[in-house]
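Listed in TrEMBL for this protein:
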type: DOMAIN; residues: 2-92; note: domain 'Polysaccharide chain length determinant N-terminal'
type: TRANSMEM; residues: 12-31; note: transmembrane segment
type: TRANSMEM; residues: 174-198; note: transmembrane segment
Amino acid sequence: MELREYLRVIKQRWWIPLLTVVCCLAIVYAYNALYTQPVYEASADLIVNQPGITDEGEQMVNQNSINTNLMLINTYRQIITSEAITGYVVRNHPELNLTPQELSSKVTINTMKDTQVINLTAQDSSYERAAVIVNSMSHVFIDRVTTIMNVNNVSVLNEADTSSSPDPVNNHAAFLYLFSVALGLLLGCGIIFLMSYLDDSVTSEQEIEQVLGLTLLGNIHKAKRQDLKHVDADVIQESQTVNMRNVSNPKEI
C-alpha cells in the first residue's frame, strides 16, 4: 500500500483512533484519581564545622579540622537515622503517628563529596508533615549529638519552609496524558489497518484495477436520495402522459 492508500483507509474510519484516544485518556484520568497518591518532599541542611584551636586558644579553620569533620560526617549519617534520634522525634511529635522505623524509612541522608554539608530529605503525602520531620530530626540530632559524640560542631544551615506549597514530586500527569494520546493513536490506526486487511470487499476504482488487472472504462456515480425522488417524479409523470394518450386514442381490436 502507498501512503495515499494508508491515508484513505484512515480517513474512512477516522472515528476509531478518536475513540481509542478518548478511552486511553479516560483510563489515565481514572488511574490518577483513584490510585496515585501525591508525594511531597522537604529538605533541610546541616553543616559540620569544628574549628581548630590556636596556641593562643583562639578558634581557627585549618585543614586538619576540615578532615576531622569530613570523617565525622559518615558517622553522623548513621546516627541521624538511628532510633536514638527517631525515637526522640516520635515521642515529641505524636501527631506524626509514626514508629521510629517508619520515620527512618521516610528520611534520606545525602552528602556531597568533600563538603561538610549534610542534607536531610523526607517524603510524605503531606508537605507540612515532611517539613516537620526534617526540621525536628535536625534539631534533635544537634541536641543529642553533643551527648553521644561529646562534641558540638553541627548547626542548621537551611530549614524546610513549612508555609510553602510545592508541587508533588511524583506529578507526571502531563507525560502520562501525552503518552496515552500517542498510544491511542497507534492502537486506533492498528485496528484500522487490521480491519482493512481482513476486509475482502472492493471499495474503490483503484482496488478494482489492482484485483482484476483491467482498465476501468467508466463508472456509475452513487445516487443520492434527492436524485431518486426526481427520477421517480419524472417516471410517474411520463407514465401518466402515456396513459392519457392511450385513453384519448384507444386501439381498435
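Cβ atoms are placed via backbone N, Cα and C, with glycine included.
The model shown is predicted, which means the values in this text are computed figures rather than measured ones.
Remote same-chain partners of the transmembrane segment (12-31), defined as residues 6 or more beyond its termini with a Cβ less than 8 Å from a stretch Cβ, comprise 173, 176-177, 179-181, 183-185, 187-189, 191-192, 195, 203. Across the domain 'Polysaccharide chain length determinant N-terminal' (2-92), DSSP classifies residues as 58 helix, 13 strand, 20 coil. Across the domain 'Polysaccharide chain length determinant N-terminal' (2-92), the prediction's mean pLDDT works out to 82.
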